[in-house]
Amino acid sequence: MPPPAPGARLRLLAAAALAGLAVISRGLLSQSLEFNSPADNYTVCEGDNATLSCFIDEHVTRVAWLNRSNILYAGNDRWTSDPRVRLLINTPEEFSILITEVGLGDEGLYTCSFQTRHQPYTTQVYLIVHVPARIVNISSPVTVNEGGNVNLLCLAVGRPEPTVTWRQLRDGFTSEGEILEISDIQRGQAGEYECVTHNGVNSAPDSRRVLVTVNYPPTITDVTSARTALGRAALLRCEAMAVPPADFQWYKDDRLLSSGTAEGLKVQTERTRSMLLFANVSARHYGNYTCRAANRLGASSASMRLLRPGSLENSAPRPPGLLALLSALGWLWWRM
């Protein structure tokens, strides 16, 4: 193979103006527009600037930058109508152009073509545009009844192809992929779910959240009975968990109670609990009370007592069958 013609040695420098990256071509030129080696790759992030430079010498008579088959610059002559592409340097040693605010449409093959006194030569660089991952669509907030199914969708775009991960913020549960399927959902699975996407282009991933609300019927979690003397204040308390929040009602025997001076009591209800307040306990107030918590999915009830001090009755209701069990144990002890 004959040695390369004078001036045939070329380096192609591709530099990111913002990132300060540089790529230098690997060797000698291909002759007569025949490319015997693959083009160098030059990667830049969307929105950054890219500088493409040909390093030449005094033997070069004509030089041009092309994108695919379109001439961008031939010497000082501008051929492109894109205002983002401009001539940066044109000297006997260097011919450089600048592309500002690089977009996906700029990705592709760029060719530096020049003419020496003997023949034409070219070298190439392939511009790769990376796009940070971002979420373009995500499910709206979801409300479902306990036992139902939920599908959450999170669509992300970016180059390279981004990963998508779903995470439940309450317990850290994670799932890979754009779609998160939850079958037979339970109340403990309610809360915020976060979609996170990343492709390594930016240090910070993109993330968005979806609130999942699980409806379920009331469950009474705590009750408080009282043992109070005549003329003193007393309080009975009932707590229930439910979504939507439960509506509370109080009963004495089978009679629905309400706040009022005639009854001598007051019903005070907050989000998850209700209290029956007695400002001045009288004899007619003693007895059994029932708290009922209900929403559109169901209801739950619990009993409690307001007792006199010194009463032999236990203020806490005993489980069914406990009295019978105690009686049987006492009879066995007496027989021994």
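Each Cβ is built from the backbone N, Cα and C atoms, and glycine gets one as well.
As annotated by Swiss-Prot, domain 'Ig-like C2-type 2' applies to 132-217. The feature domain 'Ig-like C2-type 3' is assigned by Swiss-Prot to 218-307. Sequence annotations record features per position, and here Swiss-Prot assigns N-linked glycosylation site to ASN41, ASN49, ASN67, ASN137, ASN288. The signal peptide annotation in Swiss-Prot covers 1-30, and the record cites sequence analysis as its basis.
The most densely surrounded of the glycosylation sites ASN41, ASN49, ASN67, ASN137 is ASN67 (count of other Cβ atoms within 10 A of its Cβ). The average pLDDT the prediction assigns to the domain 'Ig-like C2-type 2' (132-217) is 96. In the three-state DSSP scheme, ASN288 (N-linked glycosylation site) is classed as strand.
Using a 10 Å radius centred on the Cβ of ASN288 (N-linked glycosylation site) and all shown protein chains, the other Cβ atoms total 15. According to DSSP, ASN49 (N-linked glycosylation site) sits in a coil region rather than a helix or strand. Helix, strand and coil counts from DSSP across the domain 'Ig-like C2-type 3' (218-307) read 3 helix, 58 strand, 29 coil.
In terms of DSSP secondary structure, the domain 'Ig-like C2-type 2' (132-217) contains 3 helix, 54 strand, 29 coil. Spatially, by CA atoms, the glycosylation sites ASN41, ASN49, ASN67 include one closest to ASN288 (N-linked glycosylation site), and that is ASN49. A gap of 29 Å separates the Cα atoms of ASN137 (N-linked glycosylation site) and ASN49 (N-linked glycosylation site).
Each residue contributes its Cα atom, and for ASN67 (N-linked glycosylation site) and ASN41 (N-linked glycosylation site) those atoms are 14 Å apart. Rounded to a whole number, the distance between the Cα atoms of ASN49 (N-linked glycosylation site) and ASN41 (N-linked glycosylation site) is 16 Å.
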